[in-house]
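Going by Swiss-Prot, these are the annotated features:
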TRANSMEM  13-33  transmembrane segment
TRANSMEM  55-75  transmembrane segment
TRANSMEM  96-116  transmembrane segment
TRANSMEM  123-143  transmembrane segment
TRANSMEM  150-170  transmembrane segment
TRANSMEM  178-198  transmembrane segment
TRANSMEM  201-221  transmembrane segment
TRANSMEM  247-267  transmembrane segment
TRANSMEM  277-297  transmembrane segment
TRANSMEM  325-345  transmembrane segment
């Protein structure tokens, strides 16, 4: 990518997300999504190779299809209700089409097949933007229409997403695909609580972005893209050895780390609404998610399956780029649970 074009591309992505999040008119919300999509394609093809080109094409086709469904829903909603405001999606069929379009953009099951493939075909930092920043604009639209969405449809999509994300990551050795399937699972949890408490969805999204950003930065520092490379991190960057397992455990939702907080609050929200079956199913399925994180943690330990690790520690440490925000992110990733009473007061 041309260095002179980078500020324009990233500012367009930022502007598109901001327009969608702050817009109260359906047309401008759609324009913001289109700006965001078109500006993000050069980010995916930062390294020009057939794999990144394939990932960009898959991303474009999926997002363009979702945008077409969204535009159809906007026009039908205007014809039937005469309203252009984003908070007024009163028509049942229009609301259903909007949810389907946003589910495609967010990578929810059964529209999730593009997420692992696109993430795998991009560099680590582009994958970070795909799994974090690119969820803000669709999530803002879902937040605005949360009062008029079909609860049964959202719960069905959420449980399918949790199942697809947890099951799909079991046989993966590529770290980017594992994080992509983890993203599908987290989006399922966010959407499940949206009809009951939209603010809880925002809290879940914030914590998810913190956890995922920390994980990608650690993997980028160690240049690890597979479980085999991750197992050799300890002899290159010894200080990463305790940080990567704790971050992965938090991302998997193991108490008492930060990742357990959103799941705990969401389960509590369901119990307040006298629904015990749905959170039980979600929690049981998510245990599969925690399993493949435990497998990754075993790979970063002293042993390497199925034999002991004979790799010697390097006497000279490798130079790494300074990451001033990483200590703060690691602290938030592991120690945010103790301040949960304050968060409950705010919500």
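Glycine residues also receive a Cβ, built from the backbone N, Cα and C atoms like all the rest.
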Same-chain residues at least 6 beyond the ends of the transmembrane segment (277-297) with CB under 8 Å of its CB atoms are 155, 158-159, 162-163, 165-167, 169-170, 172, 175, 178, 181-182, 185, 188-189, 192, 227, 230, 244-245, 248-249, 251-254, 263, 266-267, 270-271
Under 8 Å, at least 3 Cβ pairs, sequence separation 6 or more: does that hold for the transmembrane segment (123-143) versus the transmembrane segment (13-33)?
-> yes
Residues from the same chain, set at least six apart from the ends of the transmembrane segment (247-267), whose C-beta lies under 8 A from its own = 182, 189, 192-193, 200, 203-204, 207-208, 210-212, 214-215, 218, 279, 282-283, 286, 289-290, 293-294, 296-297, 330, 332-337, 340, 343-344, 347
For the transmembrane segment (150-170), could you work out the same-chain residues 6 or more beyond its ends whose Cβ comes under 8 Å from its Cβ atoms?
-> 92, 95-96, 99, 103, 108-110, 112, 116, 177-178, 181-189, 191-192, 194-195, 278, 281-282, 285-289, 291-292
May I ask which of the stretches 13-33, 96-116, 178-198 has the most CB pairs under 8 A with the transmembrane segment (55-75)?
-> 96-116
What same-chain residues lie close to the transmembrane segment (13-33): Cβ under 8 Å, and 6 or more beyond its ends?
-> 39-40, 43, 67, 70-71, 74, 77-78, 84-87, 105, 129, 133, 136-138, 140-141
